[in-house]
Amino acid sequence: MEPAERFLLDVLAYLQCAMGLLGSLVLGLADSVYGRYTSPGPDLRVPARAAWALQELPSLAVPLWVCARTAAERLHRAPNSILLAMFLVHYAQRSLIFPFLIRGGKPVPLPTFVLASMFCVYNGYLQSRYLSQHAVYADDWVTDPRFLVGFCLWLIGMLVNIHSDHILRNLRKPGETGYKIPRGGLFEYVTAANYFGEVVEWCGYGLASWSVQGWAFAFFTFCILLTRAQRHHQWYLEKFEDYPKFRKIIIPFLF
Ligand SMILES: NC(=O)c1ccc[n+]([C@@H]2O[C@H](COP(=O)([O-])OP(=O)(O)OC[C@H]3O[C@@H](n4cnc5c(N)ncnc54)[C@H](OP(=O)(O)O)[C@@H]3O)[C@@H](O)[C@H]2O)c1
């Protein structure tokens, strides 16, 4: 049973990579499925706060359910429990704090909401089942340079992501729904500083976990957020004549 599930988790990880590429392609072709690009229409939408809280919650709830309902044999190992904690800390912030700080966020189209929720179930299961049941690390993995550098990247990435989302949020006064040029923090260097933080965060997690499952999630995030960042960058250049031309899209000084 165990080798069969281990094989399944590898297949799910490679599928996640394929979903990242496909999602990037679909977003590139039909980007009017989220945020500022949704056109007013009669289609069903979920209010921003409810959408973010509910769609991200499975990434927190599924791992907790997996660990409570199954033996979770490997979680008594420090590397496994730290890595799962890294995943849960992010999603506790994303589903329990981030939604309630949103100011004037656009309602999320129902299909986007459903797809995001399904992805969170999928990824929550993949990461938590792998770490709680299958991942084997040496006892001294927590002092391995890959783990240490990965953990630092994860932490720095998360702080950049949270700080950048905070800057975006504070562009609006209560009740406002329009858009302004973001200033400060890494926005002085890139259009999508919040996405840059998120990509660094999950690359750090991938490095620290040194697993197909961890890297697959980092790759998926990179594919989706790179496409969104390119679209945002183009949008700012078209909308604001005084948009700083030297800003890169997502990676400071590079791209
Ligand atoms: N891991 C993944 O694959 C993944 C995928 C998607 C998102 N995320 C993360 O989820 C978070 C939110 O993502 P998102 O795509 O919604 O980010 P976003 O497009 O940058 O928007 C974030 C929030 O700030 C507002 N906002 C953005 N630019 C603004 C501006 N110039 N002026 C005023 N308000 C502005 C948006 O309002 P509107 O809603 O009105 O546009 C929204 O409420 C980010 O931290 C991102 O990294 C992760």
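Glycine is no exception: its Cβ is also placed from the backbone N, Cα and C atoms.
Annotation comment: TrEMBL describes 107-255 as domain '3-oxo-5-alpha-steroid 4-dehydrogenase C-terminal'. Residue counts for the domain '3-oxo-5-alpha-steroid 4-dehydrogenase C-terminal' (107-255) by DSSP state, with H, G and I taken as helix and E and B as strand, are 104 helix, 4 strand, 41 coil.
Under 8 Å from some Cβ of the transmembrane segment (7-30) lie the Cβ atoms of residues 119, 122-123, 125-126, 129-130, 134, 211-213, 215-217, 219-224, 226-228, 230-231, all in the same chain and six or more residues away from its ends. Here TrEMBL flags 7-30 (among others) as transmembrane segment.
Residues or ranges marked as transmembrane segment by TrEMBL: 108-126 (among others).
Per TrEMBL, transmembrane segment is recorded for 147-164 (among others).
The transmembrane segment annotation in TrEMBL covers 207-227 (among others).
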Cβ contacts the transmembrane segment (147-164)/the transmembrane segment (207-227), at least three under 8 Å, sequence gap 6 or more: yes
